[in-house]
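Record features, source TrEMBL:
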BINDING   ARG96, ASN150  substrate binding site
BINDING   CYS171, HIS201  Mn(2+) binding site
DOMAIN    196-410  domain 'Glycosyl hydrolase family 4 C-terminal'
SITE      GLU112  site 'Increases basicity of active site Tyr'
Amino acid sequence: MSTGLKLVVLGAGSSYTPELMAGLIRYQPEVPVERLIFVDVAEGAERMRIVRDFAQRMLSASGTQITIESTLDRRQALKGADVVFSQIRVGGMKARARDERIPMKYGVLGQETVGPGGFANALRTIPVALSIAHDMEDLCPNAWCLNFTNPSGMVTEAMLRYSAIHTVGLCNVPINIQNAVARAVSKEPERIRLDMYGLNHLSFVRRVWLDEADITELVLSYMAGRQTTVANIADLPFSNRLIDAIRLIPNDYLRYYWLTRDMVRRQREDLEAGRGTRAIRVMAVEAELFRKYQDLTLTEPPPELAKRGGAHYSDVAVAVMASLTGGREREMVVNVLNRGAIDGLPEDASVEVTCRIDNKGAHPQPMGAMDLVVRGLVQHVKAYEQLTIQAALHGDKDAALAALVANPLVPSADVAADLLDEIVAENQPDLGRDWVR
Ligand code: G6P
């Protein structure tokens, strides 16, 4: 086990950071963090101060010996880091609200990671993620980057293909499925293993194991009428008929692809009823959370944190970090380059897949061919993602239009063109470059 890790958190003013702190505390001493450096941009400075004070109280109350520093100077912070957690949101919640709102004007799904909203988010975020990766190449070339920044699959792929930084992309949906199965069969989550493959927010569990026993059929039959979802996604159930037919457990986000009409209707109803898009509701939850974080008697994350979709993400983040930095080997579902693990996807595409994680990295496990029912959709979305990455890297409007045309949630080429013009115009200040064509 290594000692004295320096962990840098980018976007530390996020209301999620106390959740990460709880994970770091829980995983002592397997994750021997000595220095924690919080970094944010100037707009996030006040939130970072509040989170830092609260994090300090959490550490003191639990008797955990970690020092916390905070800075707005990213390069200074990255010097000599062992692990970098990236959880940034370029343009803030306002930009997310825009990503959700613009597609809805065209009757299209408005979401921060899938559809045109995820596309806009990628255009803003990928250049920043790469500038972080290039700083890391200079200042901490051997550090691990654990990426939570959305859209996580595309951001992770861009970092892995266009920088030399060891990056692992993370998401809390797979672990939520694992925990839900564990609760359903009344066993410890560590004894449940998933064979899962696909893309971030587009993945499927093909097999579920309890120790060495295959309990897939039991779990599929249990799912009937008992489906759960992360807090940010409307809890419309997949029909039993669908699950019976496909014999796979879909990622919660498949609702956006397979129940599109009803999900779009829900979004429209929310707007009409004055409930706003998800970003607007998250802003209200955050206001409540930041009020609580300033309560000097509070030394643990408050229950309101469960209203965020990423609740419990530290179960993934800290466990992965533990295995990468010398703790025990684990099997977990994370985002890495495919390298032949899933047939029918490019070698250099990021995929969300069951991996064995040790101090050399996250090693994707061979999944063979994708099930026919989902193969086309996964390939379709991967093509859209790779075009989006090209568009973001080069500010290329042709690649951007091709990307939107290739997105299965965009209904026609005309709508794609209108969406693109509006997205580029509205995001201009955050795109950080002039767009060609
Ligand atoms: C899920 C997703 C994350 C996403 C989050 C949104 O956990 O896996 O990628 O960031 O939900 O939650 P929010 O509370 O921001 O809507």
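Backbone N, Cα and C atoms are what each Cβ position is placed from, and that goes for glycine too.
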Where the C-beta lies under 6 angstroms from ligand 1, the matching binding-site residues among ARG96, ASN150, CYS171, HIS201: ASN150, CYS171
Local Cβ density at ASN150 (substrate binding site) - other Cβ atoms counted within 10 Å: 24
Close recorded positions near ARG96 (substrate binding site), where close means Cα within 10 Å, chosen from GLU112, CYS171, HIS201: GLU112
Cα separation, HIS201 (Mn(2+) binding site) to ASN150 (substrate binding site) (Å, whole number): 10
Neighbour tally for GLU112 (site 'Increases basicity of active site Tyr'), based on other Cβ positions within 10 Å of its Cβ: 24
Mapped DSSP class for HIS201 (Mn(2+) binding site), helix or strand or coil: coil
